[in-house]
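This report refers to the structure that appears directly beneath it.
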Amino acid sequence: MKATALFKNGLWISYATFVTRIFAFLSSLVLARLLQPSDFGIIGIAYVFWSFFSLFIQDTAGAFIIYKGIEHPKYVNTAYTISLLVGLALAVGVIATAPLIAMFFKEPTLTWILVAFAFNLILSSASYVYSSVMTRQLKYRAIANITLANSITRLLATTGAAFLGFSYWSFVIGDTTSWLVNCVLTRYYSRYKFRLQIDSEVKSEVQSFYFGTVASSFGLYTNFNIDNFTVGKLLGSASLGYYNLAYQLTNAFSSIVGAVFNQLGMPIFAQLVDDKEQQDTLLKVVEQTAILTAVICALIFLMTDSYVVTLVFGKQWIPIVNVIPGLLIFSYFRIINSSLFSMLVAKGRPDINAKVNLQIAPIAVAGFVLGANLGGIIGVSLAVALVLGVGWTIYWWWVACRSLGWSFPKFIIPCFVPILLTIPGLLISYSLPLMIRPFALILTYIICIGFFLPQKFAQYKIKLNQLFKRLQKLRHNNE
């Protein structure tokens, strides 16, 4: 793929994900004014189980299609049929277990919320396959437009229902209408003739990949959601409401970057056949991503103080200020690790992801419980930073590099250096007035990069000069 096409596709994916996060933020902003923290807590518990059941669908059959391609219909149709059957089975399982889940959390309304989510599981099992075919076809512009339609639909349905007094049911209404729109549009624009068929020749290959990605996704689910589960069970729905909103805010950027890696990085990585080329490409992605992400996370930390939170969300949400720092550290490393996840799936090695995610899960659970008992939601956020941020990153890259025969120091050092270089800027700018903080941070960060990473600084300087010359040339041609 040419650099220009790669850049355009990356922009479309970034635009689509950015739109999703912006509309989700607007929805959270409106709902934070209309609903109580306890309402957020109830739906937060439901979303934990939605995430659990959807891990058997998301990044499974769709990821296989991206990895294998769409040239042979028997692979696509087999993956499609298996995905639908799994979605139907999961829906039945959700309906059967919903009363038990509601009883466990002592929240009777959870029963009907989860029953409604069961219908969405069937829709999503088809939608993920349709969108994966479009990803393999590189129809990123169409995907972006569909995402925009979904986001607008969800925003209008959710906020409209909240204004009408539907409380936490507003989330359910918004999600269901969004999945309906997504399923219809992705099916139409994929232009693929899907058939319900399980080919005996490829069934075992599809199932092997499917189980590998499910195991990996199960580990990811545990690591990404057990903190919410712990807060909801040990600290109550109100604390979960605070934690859930802080989590959404701090992981908005990581969701955007993660979507870019999954939708663009995975098919691109899959087309690289030379191992050295794969290493060089991954290293460049890690270096560039870390340098950019570190300063963005630092800026978010500086700009989310009690004054800003009160102004945007209201005084009742001030407790999220102390939760944000730990979750930002996790968000940074989550972005860095997204490229490794995509590379391993593209190499047909989801088993490595599964191994690491499942092994780190019990450590994460113990850390979250300990953090909740010692420091409440702040303790949980610090446990997330240490276990899922620092610890998980080191272990994941070590296992991957050892399995693939790659150099561990070559990859792990670029993961940590940029975030360490933000510390001087944070110390200098934290006590300054709010509007001056970002400028002081960025200036200090640039100086640190120039001093500790002179080669990268020189590369950026050359690229900026080239960009400036191109802009001047375009301006001259327009005149």
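Positions of Cβ are set from backbone N, Cα and C atoms, glycine also.
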Transmembrane segment range according to TrEMBL, out of 256-275, 316-335: 316-335
CB contact flag for the transmembrane segment (110-130) and the transmembrane segment (411-430), at least three pairs under 8 A: no
Contact check, the transmembrane segment (79-104) vs the transmembrane segment (282-304), 3+ Cβ pairs under 8 Å, seq sep 6+: no
Contact call for the transmembrane segment (282-304) against the transmembrane segment (411-430), three or more Cβ pairs under 8 Å: yes
Which of 40-67, 316-335, 380-399 contacts the transmembrane segment (411-430) most, counting Cβ pairs under 8 Å: 380-399
Tertiary contacts of the transmembrane segment (316-335) (same chain, 6+ residues out, Cβ under 8 Å): 32, 37, 242-243, 245-247, 249-251, 253-254, 257-258, 289, 293-294, 297, 300-301, 304-306, 309-310, 377-378, 381-385, 388-390, 392-393, 415, 419
